[in-house]
Amino acid sequence: MLAARHFLGGLVPVRVSVRFSSGTTAPKKTSFGSLKDEDRIFTNLYGRHDWRLKGALRRGDWYKTKEILLKGPDWILGEMKTSGLRGRGGAGFPTGLKWSFMNKPSDGRPKYLVVNADEGEPGTCKDREIMRHDPHKLVEGCLVGGRAMGARAAYIYIRGEFYNEASNLQVAIREAYEAGLIGKNACGSDYDFDVFVVRGAGAYICGEETALIESIEGKQGKPRLKPPFPADVGVFGCPTTVANVETVAVSPTICRRGGTWFAGFGRERNSGTKLFNISGHVNHPCTVEEEMSVPLKELIEKHAGGVTGGWDNLLAVIPGGSSTPLIPKSVCETVLMDFDALVQAQTGLGTAAVIVMDRSTDIVKAIARLIEFYKHESCGQCTPCREGVDWMNKVMARFVKGDARPAEIDSLWEISKQIEGHTICALGDGAAWPVQGLIRHFRPELEDRMQRFAQQHRAWQAAS
């Protein structure tokens, strides 16, 4: 029986199985969180165990990898699609679908997998924990993902500042080569696959997939116009898929345990487990693996020891890294941490980097500092981003002092809207959204600050 289901804004036919014998369907899951230890994928997140090959083998990495490879690309892609895994780098595009774009007849050009380890989003530090404490998960994930795409090699593009992470990753790659797990006849599967590490130089813009490809090729890291998309013309002009570290690292476990197992966590279209970074005004900042759709309040109170001064001292939360709009305490009470719930709350999951701000925070200054970051990191290729973000930075600097008129709040909103969606890459969007979140939820704070400044200025003029 065929039915229609909403999927990424459209309708696609899906097969629905109906059990006529009982007349009832299985109840939908309504509570999320409290992930059991046996369901965790990243079992060495805190570096308590040996991260080298010997320790990785004890924790189940590289288990039956040969069997996975021999089942072939179609089987791997099928499991990834069944799992419902969506990209963990921020965009949330269905991974199985994205990887399938590469699974087409060869035209003679080699195919490549590029792993985006250029983690530079303020507040985000999940990928570096994988590379530092569980590097073999990433190396094995490259092999499995590469097999699904028919790729010849993987390039792991790692942020230049991640010296220790790059060192551990390089050691893990060497161990895998020496053990015959990658390279010629990887895992005895008659599949040849190489893994290379490329060091970045600290540019945030190189986290954008086409700028990253340009950097690998030795060019200036500036985003390309699309189309052509990387799956057609990527690194060195060859078909390429760019994937996030976490996305790649979970793929072997999904293949071993089954896509259905992974899909059993979280809400529909938001399945699986996820690494969350919790920082800011919490008692115990941490990186934790939890079930998707876990309530934000539970995530903070259970894993981070709660907000400093108690939950009532909470002012706002940035739920998905610096490029996602903040949400006030009233929204934080009930919101779930997944793609769809946060979009409904007028923000986004992003990289799932939760930045907590209590009532001691100067919220205007905090957002102004983020805009300064984006102004510094803009490549300057697109006029709306180059000029607009610089303009927003100057206006926000005056807003911090209150040296502005209330009408300028609407002007700033309009500037952000002129940047959003009018640039080659999403850096402009990432700069616009924090400003929009501030105006949406803290407009009275901006107006009060301007009023206080005006009163002080009049008093100063009268006194002088």
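Quick reminder: no glycine exception, Cβ is built from N, Cα and C everywhere.
Note that the structure is a prediction, hence the values are computed from the model and not measured.
Among the features that Swiss-Prot reports, transit peptide is placed at 1-20, with the record citing experimental evidence.
Sequence-distant contacts (6 or more apart, same chain, Cβ under 8 Å) of Lys81 (N6-succinyllysine) comprise Pro94, Gly96, Leu97, Ser100, Gly259. DSSP classifies Lys81 (N6-succinyllysine) as helix under the three-state reduction. Marked as N6-succinyllysine by Swiss-Prot: Lys81.
Residues annotated as N6-acetyllysine in Swiss-Prot, with a large-scale study or a structure entry given as evidence: Lys81 (among others).
Per Swiss-Prot, the feature NADH binding site maps to Gly87, Arg88, Gly89, Gly90, Ala91, Gly92, Phe93, Pro94, Thr95, Gly96. Secondary structure at Phe93 (NADH binding site), taken from DSSP and collapsed to helix, strand or coil, is coil.
Taken from Swiss-Prot, the feature N6-acetyllysine covers Lys104 (among others), and the record attributes it to a large-scale study or a structure entry. Classification of Lys104 (N6-acetyllysine) by DSSP places it in coil, neither helical nor stranded. Counting every protein chain shown, the number of other Cβ atoms lying within 10 Å of the Cβ of Lys104 (N6-acetyllysine) is 13.
Annotation source Swiss-Prot lists FMN binding site at 199-247, citing similarity to another entry. In this structure, Pro227 (FMN binding site) belongs to neither helix nor strand by DSSP; it is coil.
The annotation omega-N-methylarginine is assigned in Swiss-Prot to Arg257 on the grounds of a large-scale study or a structure entry. Within its own chain, Arg257 (omega-N-methylarginine) has no residue 6 or more apart in sequence whose C-beta sits under 8 angstroms from its own.
The N6-acetyllysine annotation in Swiss-Prot covers Lys375 (among others). Remark: Lys375 (N6-acetyllysine) has Val389, Asp390, Met392, Asn393, Ala431 as non-local neighbours, by Cβ distance under 8 Å and separation of at least 6 in sequence.
Summarising the annotation, Swiss-Prot assigns [4Fe-4S] cluster binding site to Cys379, Cys382, Cys385, Cys425 and lists experimental evidence as the type of evidence. Around Cys379 ([4Fe-4S] cluster binding site), taking its Cβ as the centre, 20 other Cβ atoms fall within 10 Å, counting all chains. Cys379 ([4Fe-4S] cluster binding site) falls outside any helix or strand according to DSSP and counts as coil.
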Residue from Ala91, Thr241, Cys385, Cys425 whose C-alpha is spatially nearest that of Lys104 (N6-acetyllysine), among the binding-site residues: Thr241
Assigned conformation of Cys206 (FMN binding site) - DSSP reduced to three states: helix
Residue with minimal Cβ packing [other Cβ atoms within 10 Å] among the binding-site residues Gly87, Gly234: Gly87
C-alpha spacing of Gly89 (NADH binding site) relative to Gly234 (FMN binding site), in angstrom: 18
Pairwise Cα distance for Cys206 (FMN binding site)/Gly89 (NADH binding site) [Å, integer]: 13
Any further residue of that chain within 8 Å (Cβ to the Cβ centroid of Cys379, Cys382, Cys385, Cys425) of the recorded [4Fe-4S] cluster site: Ile205, Lys222, Pro223, Ser378, Gly380, Gln381, Arg386, Thr423, Ile424, Leu427, Gly428
Site with most surrounding Cβ atoms, counting all protein chains shown within 10 Å, from the binding-site residues Gln220, Thr241: Thr241
Inter-residue C-alpha distance, Phe93 (NADH binding site) and Thr241 (FMN binding site) (nearest angstrom): 13
